[in-house]
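**Q** If you scroll down you'll find the structure; I have some questions about it.
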Amino acid sequence: MSSDEMKKRAAEAALKYVEENTVVGIGTGSTVNHFIDALSRIKHRIEGAVSSSEATTQRLKAHKIPVLDLNAAGPLPLYVDGADEANRHLQLIKGGGGALTREKIIAAASDQFICIADQTKLVDVLGTFPLPVEVIPMARSHVGRELLKRGGQPVLRENFITDNGNLILDVYNLRILDPAKLETEFNNIAGVVTVGLFALRPADVLLLGTPDGVQALKP
Ligand code: 5RP
């Protein structure tokens, strides 16, 4: 079975967490796109969605799902998003699609965070996937040097500007044994907007698509 089919399975399984007449927080990425497609089947039963990116907004609008502002809608009962890596504590690396800052804001503002992914995303130790860090443009070199001092190998994501007008440094060479500590440490570097580690606010449930069905993991 392809990884896309496993992503679709996980996305479909997340539908059961959606409650009637609520606003749903929506992440970004190919797995989330399957979720949006599934959500469109029950769009008459929800009030709308809060979007984490321009790409997600476009897809929601294409399905005629109302897109609401978080300031008006929040706090939210549910946030659904994908991940680039997840460990068994449901701590995540996110930001492969560059939407990490808005994703982290919506996750923080939501009661329940359901992460949807194919089984290849589950790892023992986070860090094989390069860790995305969103950076204010004038701080690019400073943040790069600080990340080097901490053992990372930052690489500027080429030809990429985030929805917030910032840059992404993808940090290689990390073996993240204490994700919450590293999240705090990287977030404290001046010029960092967000680090794509979701450890201080991990997922509450990880729905993993596998060839045998969907596994629901809890911390
Ligand atoms: C976007 C993300 C995505 O959730 C992550 O990159 C996973 O993407 P996909 O579902 O396409 O595998 O964090 O910023």
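A Cβ is built for glycine as well, from the same backbone N, Cα and C atoms used for every other residue.
Note that TrEMBL annotation is computational and uncurated.
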**Q** Name the one residue among K61, K64, K121, K149 that TrEMBL lists for the same substrate site as T28, G29, S30, T31, D81, G82, A83, D84, K94, G95, G96, G97.
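**A** Answer, per TrEMBL (substrate site with T28, G29, S30, T31, D81, G82, A83, D84, K94, G95, G96, G97), from K61, K64, K121, K149: K121.
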**Q** Using a 10 Å cut-off on CB atoms, tell me which of the recorded positions T28, D81, A83, G96, E103 is the least crowded.
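**A** Sparsest of the recorded positions T28, D81, A83, G96, E103 by Cβ contacts within 10 Å: G96.
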**Q** How many whole Å apart are the CA atoms of D81 (substrate binding site) and E103 (active site, proton acceptor)?
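**A** Spelling it out, the Cα of D81 (substrate binding site) and the Cα of E103 (active site, proton acceptor) are 8 Å apart.
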**Q** Quick one: which of the binding-site residues (T28, S30, K94, G96, K121) have their CB closer than 6 Å to ligand 1?
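**A** Near the molecule: T28, S30, K94, G96.
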